[in-house]
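Undergrad: Let me begin by handing over the structure; questions about it come next.
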Amino acid sequence: MASDEHIELAQYLKNVHTSLRNLSSNIGAEKAWIEHCNNKEVLNKYAQCMQKLATVHWDSNSKSENSGAFSRIKWATEFCEEYFTNSCSVYTRRDMEIAMKINVTLNKEQLFHKPYKLLDVGSCYNPFQIYDFLDVLAIDLCPANESVKQCDFLNVCLGNETIIINNEVTLLKENSFDVVTFCFLLEYMPTSEQRIKACLNAYKLLKFGGLLIINTPDSKHVGANSKIMKCWRYTLACLGFSRVKYEKFKHIHCMAFRKSLNKEIAVRWATIHKQPYMEFKIQIPQDFLKTQNDNNSEKITVDVEDFGELPFNDFEF
């Protein structure tokens, strides 16, 4: 049972998301994002609410034997360790086999070694810092503590080095990270285009063979939003990512994508498996509020409450 504080914190975060979506509809996504990034009062309160919600309520629930909640951080770290220790080489061999079939040249897979370089986007309070086998760069629009660097991931410059000035990231080095994590990040962004841009930035920053880990909320049963998840997989494949791990828990989808050693390997999967309903989009049910009267039969039918906002509407996570 959720406490009054839990509900109050969650409601504030929901209100911020709703306000950002509405502003995007009124003035356009880019202008709305800039205005949102400049609203320091809202961002500061959001950061503090998120940190408290995650550390006091979510973490305690995930440790409870009677809770169905699952730690997204635990899932990500366990898979990272397993992937780089064991299955990375398996996927490399698979890439080599497919490359021979489609006659493409592979980019050289860089060596991975501990501590693995992890970029935690939308980190808030840097939950990954407790793991010794990770070298974490935690970034957020509004950091909750000094271990997190300020950065607008949608607009940060990418180049040949990482530059941090006065705790603000001004440049991120391309092809330098072993892992990029999006823990409840994409739902924060009001449009599909922005979510795709975030994933494209992750692609540019990852080493070949590196991992993009995405957690997204969903309290429905495993098949309820399967078409949305398949569209995500299709879109990410078009960008050059191959999905290597997927699990659906009570309140959350946990996914891991590998940066293929040649983009065409992932694109081949997308071409073979494309269905009529699949579009180059990363959508969440809230996106369909503005198109629910559209008569286009190819649109995916969803319940706009399926994802809540994050796992907030259940107050169990």
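Each residue, glycine too, has its Cβ placed from N, Cα and C.
Below, the features straight out of TrEMBL:
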BINDING   Gly122, Asp140  S-adenosyl-L-methionine binding site
Undergrad: Give the sequence-ordered list of residues that share a chain with Asp140 (S-adenosyl-L-methionine binding site), lie 6 or more positions from it, and have CB atoms under 8 Å from its CB.
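TA: Looking at Cβ-Cβ distances below 8 Å from Asp140 (S-adenosyl-L-methionine binding site), excluding near sequence neighbours, one finds Ala47, Val121, Gly122, Ser123, Cys124, Val148, Lys149, Gln150, Cys151.
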Undergrad: So, three-state DSSP: helix, strand or coil for Gly122 (S-adenosyl-L-methionine binding site)?
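TA: Note: Gly122 (S-adenosyl-L-methionine binding site) is coil by DSSP, not helix or strand.
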Undergrad: Taking DSSP three-state, what's Asp140 (S-adenosyl-L-methionine binding site) in: helix, strand or coil?
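TA: DSSP assigns Asp140 (S-adenosyl-L-methionine binding site) to strand.
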